[in-house]
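Below is one structure, written out as structure tokens, with a few remarks after it.
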Amino acid sequence: MWWLLVTVCFIHMSGNAFCFLGKIAKNPEASMNVSQMISYWGYPSEMHKVITADGYILQVYRIPHGKNNANHLGQRPVVFLQHGLLGSATNWISNLPKNSLGFLLADAGYDVWLGNSRGNTWAQEHLYYSPDSPEFWAFSFDEMAEYDLPSTIDFILRRTGQKKLHYVGHSQGTTIGFIAFSTSPTLAEKIKVFYALAPVATVKYTKSLFNKLALIPHFLFKIIFGDKMFYPHTFLEQFLGVEMCSRETLDVLCKNALFAITGVDNKNFNMSRLDVYIAHNPAGTSVQNTLHWRQAVKSGKFQAFDWGAPYQNLMHYHQPTPPIYNLTAMNVPIAVWSADNDLLADPQDVDFLLSKLSNLIYHKEIPNYNHLDFIWAMDAPQEVYNEIVSLMAEDKK
């Protein structure tokens, strides 16, 4: 939130001066939706709508095969990619095909599905509630794990006729995986391997801007941010991405705005794609979800949402305090990639997480990587993606 406010203030102070600054060639994907971004590079694209048990309608995107293997008959192994906090399906296809995990997996022979969590740009529909109502936004990552993930996985498996899939999560995408697979053995059985990028469970040691949010008293937090959407993806973000961040003089401001959230990594950031990143991010979430992360910073625990009073927790959980999520109960094989310069998924929190995983098959800590490098770094294929493809290939043998 803070980087956006700084950027807006900068525009206000500068007036229309930025119009006279040097222009970088714009990437057309900055003005596209998910299907258009996929098709732009010559890949097949499908959009499906998943209805969760509690009525949310999520757009899920499919790349059924790569550009050059359309005629290969037979089922392809299924991979489901789940974005992180404030992200969307675009996170997996925002770079050139050779640098985007969604495209790389399709070209490697996989049936690729891109998920969206309730409340982001591509998941703002409900059977009964309008996004204008507070009821629509009454959710956190608890509900994403309880409803979104199972509904989406079951939909994908029904559609493809397969019994299991590979699950790749980034950031909050790993969080909901940890919850869902540890609390639902039936769902866990449908996962071949869990590939966790920048994994987040506890955030006791985080150095991200969540620390600043945690300092705001609860009552003041609700006054400032309301009770609906946090960090909406609006015309302003697209304007910043398409117009402002494609100016040579201002692209450094945009880059540092992103790094302020996640940690600095100058050598890996592809400045030529900055307008695409900013145009599609942040994709939004609920204020309640942000409150849940704020609670996690303050408590240092990996637990369900605290409703604020013992009697309220009793109503939801049949106990006066929020239940702790038991990471040791997850038996899904898991491969982990973490970063030593990650302000959100701090190495100390990652170490705690690793100590609780009963079926860890691989771990790699990448020097100088930050939280967003796992989806946008120019060397992500060498550091992460090729290893994911190799591990998945083992399942084919």
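The backbone N, Cα and C atoms fix where each Cβ goes, glycine too.
Sequence annotations record features per position, and here Swiss-Prot assigns signal peptide to 1-19 based on similarity to another entry. The N-linked glycosylation site annotation in Swiss-Prot covers ASN33, ASN270, ASN326. According to Swiss-Prot, the feature domain 'AB hydrolase-1' maps to 77-376. Taken from Swiss-Prot, the feature active site, nucleophile applies to SER171, supported by similarity to another entry. Taken from Swiss-Prot, the feature disulfide bond applies to CYS245-CYS254. Residues annotated as active site, charge relay system in Swiss-Prot, with sequence analysis given as evidence: ASP342, HIS371.
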Determine the Cβ neighbour count for ASN270 (N-linked glycosylation site): the number of other Cβ atoms within 10 Å of its Cβ. 15
ASN326 (N-linked glycosylation site) versus recorded positions ASN33, SER171, ASP342, HIS371 - nearest by Cα: SER171
Whole-number mean pLDDT, the domain 'AB hydrolase-1' (77-376), equals 90
Around the Cβ of ASN33 (N-linked glycosylation site), the count of other Cβ atoms that are within 10 Å: 17
Among the recorded positions listed as ASN33, ASN270, HIS371, the Cα nearest the Cα of SER171 (active site, nucleophile) belongs to HIS371
Rounded to a whole number, how many Å is the Cα of HIS371 (active site, charge relay system) away from the Cα of ASP342 (active site, charge relay system)? 5
Between the Cα atoms of ASN33 (N-linked glycosylation site) and ASN270 (N-linked glycosylation site), what distance do you get, rounded to the nearest Å? 21
ASN270 (N-linked glycosylation site) to ASP342 (active site, charge relay system) - Cα separation in whole Å: 18
